[in-house]
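J.: The structure under discussion is supplied below as structure tokens; questions concerning it will follow.
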Amino acid sequence: MLKPAYHYLALRSLGAPAVLFSLAIQGVFRGFKDTKTPLYATVAGDVVNVILDPLLIFTCNLGVSGAAIAHVLSQYLISLIMLVKLIQQVNLLPLSIKSLQFSRFLRSGSLLLFRVIAATIPVTLAASLATRLGATTMAAFQICLQVWLTSSLLSDGLAVAGQAIIASSFAEKNYEKATAAATRVLQMGFVLGLGVTLLIGLGLQFGSGVFTKDINVKHIITMGVPFVAGTQTINSIAFIFDGVNFGAHDFAYSAYSMILVSVASIGSLFGLNIVAGFVGIWFALSIFMGLRAITGVWRMGTGTGPWSFLRK
């Protein structure tokens with residue numbers, strides 16, 4: 001697995017500037033409460049990706065390298081579309097270095113950087129541990145992981161909407177509106193999570209053949225279905241609380257709490273992997289997402305930090 005993985009990552013790294021740029025520019029559009037432009041750009045890029053994938057992977061016989069090339073090209077297309085649209089609305093050339101406000105962005109940015117690193121480590125470690133269980137287990141793990149992450153991120157749309165509304169409400173000091181927005185997106189996220197649990201539970205149980213024809217891989221996937229499907233509501237709440245906390249400018253708490261969650265999750269990954277292998281890894285990932293949801297519930301539920309007004 002190492003050689004094709006190396007080629008894939010080497011090519012994917014060429015798209016890193018486009019990925020980072022597109023994420024940053026999406027933040028700008030979110031600030032404008034414009035969710036249509038990032039959607040249209042992403043759909044255009046994804047369509048190109050879907051078309052190029054089979055052509056490069058199978059027709060051109062490039063394998064995983066073809067998948068990487070298709071992804072890189074689609075990311076640059078997404079960035080280009082959003083950049084052209086943004087230039088029409090904003091002057092991107094500041095009058096002075098001072099107007100760039102580096103210190104202001106670095107304060108929040110550094111906290112979020114640490115948070116992203118902390119959130120990434122448990123998932124990366126889980127993949128590493130699954131790899132050591134063999135190629136068949138790794139294949140099943142990656143299929144489960146991609147379905148798990150993709151379905152969980154459906155709630156990201158609610159998180160983004162909540163973040164924008166809550167941020168503007170805090171700016172206006174309209175705390176009643178902020179509370180109402182947070183409550184509503186969490187309710188919607190809970191319902192969405194239940195629906196996705198049902199969809200993934202049935203879909204992955206009977207539709208694993210979409211990803212592989214290998215009987216052994218399919219068997220291992222069935223062992224992961226209860227975790228992939230059963231954690232969807234928890235995942236949805238966790239992701240939405242990310243948006244809620246970001247909207248409340250609670251970046252320090254988001255970063256530090258994620259570091260603690262990551263440390264606890266790393267310990268559970270090592271321990272449960274030894275005890276139960278593939279199932280143990282997924283049990284630990286479930287703990288990881290559960291702790292993320294708990295830290296979000298605790299912050300707002302106890303009325304601390306920016307939510308201190310709830311205690312009045």
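Cβ atoms here come from the backbone N, Cα and C positions, even for glycine.
Since this is a predicted model, take the numbers as computed values, not measurements.
Below are the features listed in TrEMBL for this protein:
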type: TRANSMEM; residues: 6-25; note: transmembrane segment
type: TRANSMEM; residues: 64-84; note: transmembrane segment
type: TRANSMEM; residues: 105-127; note: transmembrane segment
type: TRANSMEM; residues: 147-167; note: transmembrane segment
type: TRANSMEM; residues: 188-208; note: transmembrane segment
type: TRANSMEM; residues: 220-241; note: transmembrane segment
type: TRANSMEM; residues: 253-275; note: transmembrane segment
type: TRANSMEM; residues: 281-301; note: transmembrane segment
J.: Mind checking which residues reach the transmembrane segment (281-301)? Cβ under 8 Å, same chain, six or more beyond either end.
T.: 119, 122-123, 126, 129-130, 141, 144, 148, 152, 182, 223-224, 227-228, 230-231, 234-235, 237-238, 240-242, 244-245, 250, 253, 257-258, 260-262, 264-265, 268-269, 271-273, 307, 310
J.: Residue list, the transmembrane segment (253-275) vs rest of chain: Cβ under 8 Å, 6 or more residues beyond ends.
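T.: Cβ under 8 Å, 6 or more out: 111-112, 114-115, 118-119, 121-122, 125-126, 129, 242, 245-246, 281, 283-285, 287-288, 291-292, 295, 299, 305.
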J.: Residues sitting near the transmembrane segment (105-127): Cβ under 8 Å, six or more positions beyond its termini, same chain?
T.: 138, 141-142, 145, 249, 251-252, 254-255, 258-259, 261-262, 265-266, 269, 281, 284-285, 288, 292
J.: Which bits of the chain, at least 6 residues beyond where the transmembrane segment (64-84) starts or stops, bring a Cβ under 8 A of a Cβ in it?
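T.: Residues 4-5, 7-9, 11-12, 14-15, 18-19, 21-22, 25-26, 29, 37-38, 40-42, 44-46, 48-49, 52-53, 55-58 contact the transmembrane segment (64-84) from elsewhere in the chain.
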